[in-house]
Ligand SMILES: Nc1ncnc2c1ncn2[C@@H]1O[C@H](COP(=O)(O)OP(=O)(O)OP(=O)(O)O)[C@@H](O)[C@H]1O
Ligand SMILES: [Zn+2]
């Protein structure tokens, strides 16, 4: 049994955030026609070819009949042959009057094993001369006025030959030409099939991609503001270069996945009204060495021809890794590609009006050469949106969604810390699908909540649980929830459920009132008390323990360890850094800092002290408020899911007093000081 609780709707690794969505930027990736259908067309073409050939050769009235030499000689003797053409032993010829062969008479004694031939009538024939034909043969023909022709007799035959001989080849070639044209028009496959060195860059605006403007970008205002200047430059390059100043060439967009880097780049192009060439860096590098560099050249050439324009290189870290650090194999190819990008960027003056935007979520691994002046010397950080940002993004994506009156976007924004723009877009989409499935005309708040739960925890799991199990789960979740209400400084409890979902058998959601960028110690302790509340409730009620607290224990231990090792919250150890800071984009960083064994023991002691203290506090509070806990559990067993209002109603508890909140707007600089979410 495992019921990780108190999950914050943090972005989970398997959030099906982006990908399946109609995103426009993937449009050029695939041919619009599935390969299977192309094979069908190919087959059809071959079939048509076959039947045409058969018709012309077999079905035609003038198809020659094959006659024995004796019959041929007879017909010549009768004066019924006008002309022949001979090549080696084979002769073709034309009758005066059509002849039917084989005749009914000759058919009967047909030799066993001889191929049965259907009687046919024709004015042309073929035959084979026996080797013993003497010199008198020619005279014999002349006597019977047979013209000996220098050219093949069967006039219609060249077509047959052509189709038989070259038809399939011609059709195949035509088919490929057609395929290539199509692909070239789409800018997709043609590149990889026929011109490896062609960049597969897609001109977004030509693909029928909707024009994106800053209107479509929300919640990342700082990044947006920094790009306004780029737009201005593209619109009016002369203004900048008039006094000899040089224009921006490269801008690096840094931010977590799904924060809208691609969207921003498109918006810059859209605002400036210039072509947008986009390409993922991973696409540059193929198995064949040298291809990457050629593609880069081609990409820049295209962009320059259509300047002013924007080149967008996604995931630049996949080729821009510091040289020499790349894993063996493929490294030289990456290096070449990277060098080509550097060369191209040095090559244009900046007056040409080509601006290169590149995106990455790992700026620290990039080769320093990429970041030098004249290259990607500007860096724009795209942060995960804060509460107001999330609200704005939800507004953008619900523009076309019919929302019911009960939908509270600010509330939704406050329950979704850690979600990116792409996640929020996905949330709106899931909620709309859910509402449609429920035959509603509008999307309700409940649809959003259910969609969020599904995204964060996975779909509901139909588990058949005994009454005893359900009760135990209800007490566990009830413990988390009650403590969330009782402990000063804890996040408000937003929702409790004992519906199994994904890995969890039950969930208690708490939502921060504001985005916090700086966490007071009391808040951290309140969180640990809440995390330990599930197990504590089980102990108070049943006096026994289960495995259900595994992920609670994991989270609480991590938090306590960070308090001691990173945030100087142990009096015994003081403000000594014992664990490295975490990369905000990569989660926990590897490596550890050196310290003595004695310190290690002290760390363990201090962590244990925090955990034990919080555990005792949880037990004490729950014993004291057993009545409220029982009431909450009764309601949970009955209704399975309770929201904030219902929880306060059934427990009769007032919302817990809050610690002083940080004023909104206090933000860390860039990506530096943001505490990793817990
Ligand atoms: N700030 C935002 N405002 C509005 N929509 C957003 C925002 N951020 C992301 N989205 C939505 O999410 C989609 C995907 O975002 P986008 O591809 O721009 O993210 P990204 O940062 O480039 O991600 P990746 O690093 O994975 O390439 C966008 O098309 C857009 O619909
Ligand atoms: Zn729990």
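Quick reminder: no glycine exception, Cβ is built from N, Cα and C everywhere.
Remember, TrEMBL labels are computer predictions, not curated facts.
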### Task
Please find, within the list 136-157, 158-179, 180-201, the residue stretch that TrEMBL describes as transmembrane segment.
158-179
### Message
Of the residues 386, 552, 571, only one is listed by TrEMBL in the Zn(2+) site with 476, 480. Which is it?
### Response
552
### Summary
For TrEMBL, the entry transmembrane segment belongs, out of 38-56, 57-75, to 38-56
### Range annotated as region 'Disordered' in TrEMBL, from 1-30, 91-120
1-30
#### Entry: DSSP residue counts for the domain 'AAA+ ATPase' (247-386), split into helix, strand and coil
59 helix, 31 strand, 50 coil
### Task
Taking the Cβ of residue 256 (ATP binding site) as the centre, count every other Cβ atom within 10 Å, in any protein chain shown.
18
### Query
Could you state the CA-to-CA distance between residue 259 (ATP binding site) and residue 477 (active site) to the nearest Å?
33
### Query
If H, G and I count as helix, E and B as strand, and all else as coil, what does DSSP give for residue 477 (active site)?
helix
## Note on the structure
Checking the recorded positions 256, 257, 262, 477 against ligand 1, those whose Cβ falls under 6 Å of one of its atoms come out as 257, 262
### Densest Cβ neighbourhood among 259, 262 (binding-site residues), 10 Å radius
259
### Summary
Sparsest Cβ environment (other Cβ within 10 Å) among binding-site residues 255, 257, 258, 260 belongs to 257
